[in-house]
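To keep things clear, I will list the structure first and then write my remarks on it.
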Amino acid sequence: MSYESGDFDRVVRFDNRLLGSVSHAPHIDTGSTPTGAAGRPQLSLVPDSFDVAPEAEEDQWQERALCAQTDPEAFFPEKGGSTREAKRICQGCEVRDACLEYALAHDERFGIWGGLSERERRRLKRGII
């Protein structure tokens with residue numbers, strides 16, 4: 001179902017009481033059909049279709065990441081612990097670039113992301129690497 005911008009400027013009323021505006025609720029159908037008791041419009045809180053959220057599409061790379069099938073402690077070692085195993089796994093991962101891009105965009109401060117430690121990512125952001 002497509003919506004026009006004017007579709008969400010209506011106010012929802014129930015028994016002549018103001019319930020609020022639907023300006024930010026595209027999933028609420030205030031159409032006149034079907035009607036409920038006493039001919040009042042029936043509200044539906046269920047959308048006609050489900051769209052994949054943009055964030056979900058962007059994060060689908062995580063399902064293909066090799067680290068998803070590995071012990072997370074390798075990627076989040078204790079202070080002073082070795083990061084060698086995690087970096088080795090990252091080298092063969094098909095989503096390494098997407099992982100690093102995500103970590104840089106979301107300012108991930110802990111763990112190995114895209115084959116780089118937090119310190120290495122900071123240096124990369126500053127242009128040192």
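Just so you know, glycine gets a Cβ as well, placed from its N, Cα and C.
The [4Fe-4S] cluster binding site annotation in Swiss-Prot covers C67, C90, C93, C99. In the shown protein chains, 23 other C-beta atoms lie within 10 A of the C-beta of C99 ([4Fe-4S] cluster binding site).
Over the domain '4Fe-4S Wbl-type' (66-123) the predicted model carries a mean pLDDT of 94. Look at Swiss-Prot and you will find 66-123 tagged as domain '4Fe-4S Wbl-type'.
Under the heading region 'Disordered', Swiss-Prot lists 23-45.
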CB contacts for C90 ([4Fe-4S] cluster binding site) [other CB atoms within 10 A, all chains]: 22
Output field, [4Fe-4S] cluster shell: CB within 8 Å of site CB centroid, site C67, C90, C93, C99 dropped: A65, L66, A86, I89, V95, R96, I112, W113, G114, G115
